[in-house]
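According to TrEMBL, the protein carries these features:
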REGION    41-80  region 'Disordered'
COMPBIAS  45-54  compositional bias 'Pro residues'
REPEAT    149-183  repeat 'PPR'
DOMAIN    174-284  domain 'PROP1-like PPR'
REPEAT    219-253  repeat 'PPR'
REPEAT    254-288  repeat 'PPR'
REPEAT    289-323  repeat 'PPR'
REPEAT    324-358  repeat 'PPR'
REPEAT    359-393  repeat 'PPR'
REPEAT    394-428  repeat 'PPR'
REPEAT    498-532  repeat 'PPR'
Amino acid sequence: MPPKSVPLPAKPSKPYFFYGHRKPSQNRPVVYGGLFSNRQVLKPPQSPLPPSPPFDLRKWDPHHLSQNPSPPPISTPHQHSKLSPIARFIIDAFRKSQYSWGPSVVFELNKLRRVTASLVAEVLKVQDDPILASKFFHWAGKQKGFKHNFASYNALAYCLNRNGRFRVADQLPELMDSQGKPPTEKQFEILIRMHADKNRGQRVYYVYQKMKNFGIKPRVFLYNRIMDALVKTGYLDLALSVYEDFRGDGLVEESITFMILIKGLCKAGKVAEMLEVLRRMREMSYKPDVFAYTAMIKILVSKGNLDGCLRVWEEMQRDGVEPDVMAYVTLVAGLCKGGRVQRGYELFKEMKKKGILIERVMYGVLIEGFVKDGKVGSACGLLKDLIDSGYRADLGIYNSLIVGMCDVKLIDRAYKLFQVTVQEGLEPGFATVKPMLLVFAEMRRMSDFCKLLEQMQKLGFSVNDDLSKFFSFVVEKGERTIMAVRVFNELKVKGYGSVLIYNILMGALHKTGKVKQALSLFQEMKDLNFEPDSSTYSNAIICYVEDENIKEACICHNKIIEMSRVPSIDAYYSLTNGLCKIGEIDAAMVLVRDCLGAEKVMEVLNEMMQEGLPPDNIICSAIISGMCKYRTIEEARKVFANLRTRKLLTEANVIIYDELLIEYMEKKAADLVLSGLKFFGLESKLKAKGSTLLSR
């Protein structure tokens, strides 16, 4: 028996490019194969683009694009892979010239035997330089036997708009008309769509007016697009005028036409006009569906027009449209936020009667509404209904109920709810415990207050930070400042306290006129070895100045400077004002220069006077110092006279400042005389005559 022949391994078939076996290269970056093609793109490394310069309106000129050069576009092989060979040749010519129009580009383009309008459109579709695109478009139009078609004009419009030259794109209809190619509705539709997509309502109306000037009547679709763009950008009056033109052209409204107007009228709060449009809509055998009615209600809710919402709801029932869950939730939420929670609860019961599935969000909205209305019992009843319906209350619902119970002083029940949130793992925050802390403080139940703080610490709260938030909340009402100090006096015994809390209480005591108590807190803080910060010293400066203790205020200022920090503006103002009152104008001016910078002082003062702010001691002292140093006493008096004429100073204040001006000028003159005597060595003669001037 002859031996069996061993089959040779199958020879691999020669790869055929149709199935994608050809490797991509720079010359053929994409392989167009069959179903199993391995299409790839070789992308050269790109360097990051430099940031574009900010737009300067003063340099902008809509008539000369070259004055606003765009950065050279970055082209990729993938972008040009589907271009025709001639289009790629043109793009390469642009690239070689570094995307600037010039003789080298024209020389390359003149090599082409023939340029067609479709070729121009093909190039413009991928061109990202509006200047270069416009130059190329103009060059092509001057070629022998060439005429642009609608495709090339449209491509230029897209290119200009894509690169922010939409005002230039709006001039294309005139260009088309001048070149014997009158624009059609399509060209205006392109411009309108571009402006509508970018929410440029006024430009939409501008193009629409131009369209009318060319004698072109839009179709219903384009009319709807125009009115919708105007309504969305807040130009309802213009939209209504377009609608009048629509009716004047004898066109018949579609359902979308009515809905555009209805939404715009709802947004403007014109419910009566909206109902009139709705009536005309019914006459045309149209009626809004539940989604349209929900949209109307949502718009009116956002504007706070609850009466309009209820009127729309009645119209929906009149049309026999059955509201869905979203319609109910939208209206109920609006009613609860607007203080009409009882009407919202009636709609809630109507939903339950119809067997509509009620979401947890509606329970939350109603509970919050009842709490704001002071009906905590009804809110608790809804919580029971929520749990019976198989839902689990979220933290927002519990927070609302805790706030409501604390408002009616049911603090023990509120604390039980807080325990429930902990047991259910809802991770309560400061918003949960804040109302309970306030009630415990008001009822002087400090043991419970501290017990809650201990539990907060176990739960991972940052107790000192939350106490700072608590005291900030308490002192927002000035009448509760004393209570805040009392609570803090009991807490600091148990080790609770921070520099921030001291700062909050000092500021609150100063605002309520209790400067002595604020300073006692400042002293106590230092006695307890708390390190005051710049805010502490700034508060102390203000209090010391009001207590007429300028020396201590200056010491506090120096402490802040030693810390390499800057006092607050109020502290600067207070200390400077105090120094001016005791006649220390030089020291005050040093502070002003430190606060504002010497070169900015006069500029700031001029701005204050231009704003009509009445000048105070700081401003007038600055004027006195500056005029005495650089001008004359008469120039300073002219300034005060001008302020008196502008009714920025009273006659009495002018007299006071004039006396200060003379006194300060005499002091400066005396200092100058003494300096001269010392310079010329006349001290001995003066001393021999018994003068004590030089001993000062």
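Placement of Cβ uses the backbone N, Cα and C atoms for every residue, glycine included.
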* Which value does the mean pLDDT take for the domain 'PROP1-like PPR' (174-284) in this predicted structure? -> 91
* Spatial neighbours of the repeat 'PPR' (149-183) far in sequence, C-beta under 8 Å, 6+ residues away -> 62, 65, 70, 117-118, 120-122, 124-125, 127-130, 133-134, 137, 140-141, 190-191, 194-195, 198, 200, 203, 206-207, 210, 214, 216
* Would you list the DSSP helix, strand and coil counts for the residues of the repeat 'PPR' (359-393)? -> 26 helix, 0 strand, 9 coil
